[in-house]
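Novice: What TrEMBL records for Asp34 is active site, proton acceptor. TrEMBL lists Asp174 with the feature active site, proton donor. Taken from TrEMBL, the feature substrate binding site applies to Ser7, His65, Gly141, Phe142, Gly143, Gly144, Asp174, Gly175, Gly176, Gly196, Ser197. For His32, Asp34, His65, Asp174, the entry in TrEMBL reads divalent metal cation binding site.
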Amino acid sequence: MTKIAPSILSADFANLKSEIEDVEKSGADYIHVDIMDGHFVPNITIGPLVVDAIRPVTSLPLDVHLMIENPDIFIPEFIRAGANIISVHVETCRHLHRTIHAIKEAGVKAGVVINPATSADMIKPILPDVDLVLFMTVNPGFGGQSFIPSVLNKVKQIVQWRKEMNLHFEIEVDGGVNQDTSKLCKEAGVDVLVAGSAIFNNKDREKAIKVIRNA
Ligand code: DX5
Ligand code: ZN
């Protein structure tokens, strides 16, 4: 079954606890947490303090998506705060292999993220080392943007490489996922769908999750 990771970027930040509890009881598989620094992306969100604060609120894995320059500096803090999966952008890592292994050595799952305009070849050498590959289907920075369908060609390429190399990482997509685009993602072979606005802008989260999952 396709996993659903609601992105709390679109949640009501004044009521984060109840928002997370709501999507957990509505069937979410992960809680997707978007960390933005105002440098790598043109927006600022939250840091380790908030991850630490929401940790006791849910038993779901915290899927932490770092959209920050110099992620190596902050990774230990996100680990201490209770992240279960930490994903770093290939565009921000000078020594991607070192960064991925630093995350894994701490007992946390490690993911690599690629932007829409970055080639799949950029992450081919790291595939044997990661637990997750996250494809941005929008340019990162904001919720509520439109899905970029050409990214699915890269997804299909990675699905093929995963098979050829006999690897088992999860494939996740993030950005513009809704009732219509989720179907395309599933057809391309995606395992985990991140959705922010399509879940949190809907009063009935259970229905929203079901619609995306079963599209
Ligand atoms: C975008 C973030 C996404 C965002 C998705 O930079 O990484 O996780 O919250 O929001 P929607 O689903 O509204 O496109
Ligand atoms: Zn994200």
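Yeah, the Cβs are placed from backbone N, Cα and C, and that goes for glycine too.
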Novice: When the Cα-Cα distance from Gly141 (substrate binding site) is computed for each of the recorded positions His32, Asp34, His65, Asp174, which gives the smallest value?
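Specialist: Checked the recorded positions His32, Asp34, His65, Asp174; minimum Cα distance to Gly141 (substrate binding site) goes to Asp34.
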Novice: Using an 8 Å cut-off from the Cβ centroid of His32, Asp34, His65, Asp174, can you name the remaining same-chain residues around the divalent metal cation site, in sequence order?
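Specialist: Not counting the recorded site residues, we get Ala5, Ser7, Leu9, Val33, Asp63, Ser87, Leu134, Val194, Gly196.
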Novice: Using C-alpha atoms only, work out the spacing between Asp34 (active site, proton acceptor) and Gly176 (substrate binding site) and round it to an integer in Å.
Specialist: 15
Novice: Around Asp174 (active site, proton donor), which residues of its chain at least 6 apart sit with Cβ under 8 Å of its Cβ?
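Specialist: In sequence order, the residues whose Cβ lies under 8 Å from that of Asp174 (active site, proton donor) (at least 6 apart) are Ser7, His32, His65, Val113, Leu134, Phe135, Met136, Thr137, Val138, Pro140, Val194.
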Novice: Helix, strand or coil for Asp34 (active site, proton acceptor)? Use DSSP.
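Specialist: DSSP assigns Asp34 (active site, proton acceptor) to strand.
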Novice: Are there any residues at least 6 positions away along the chain from Gly143 (substrate binding site) with a Cβ closer than 8 Å to its Cβ? List them or say none.
Specialist: Ser7, Leu9, Ser10, Gly196, Ser197
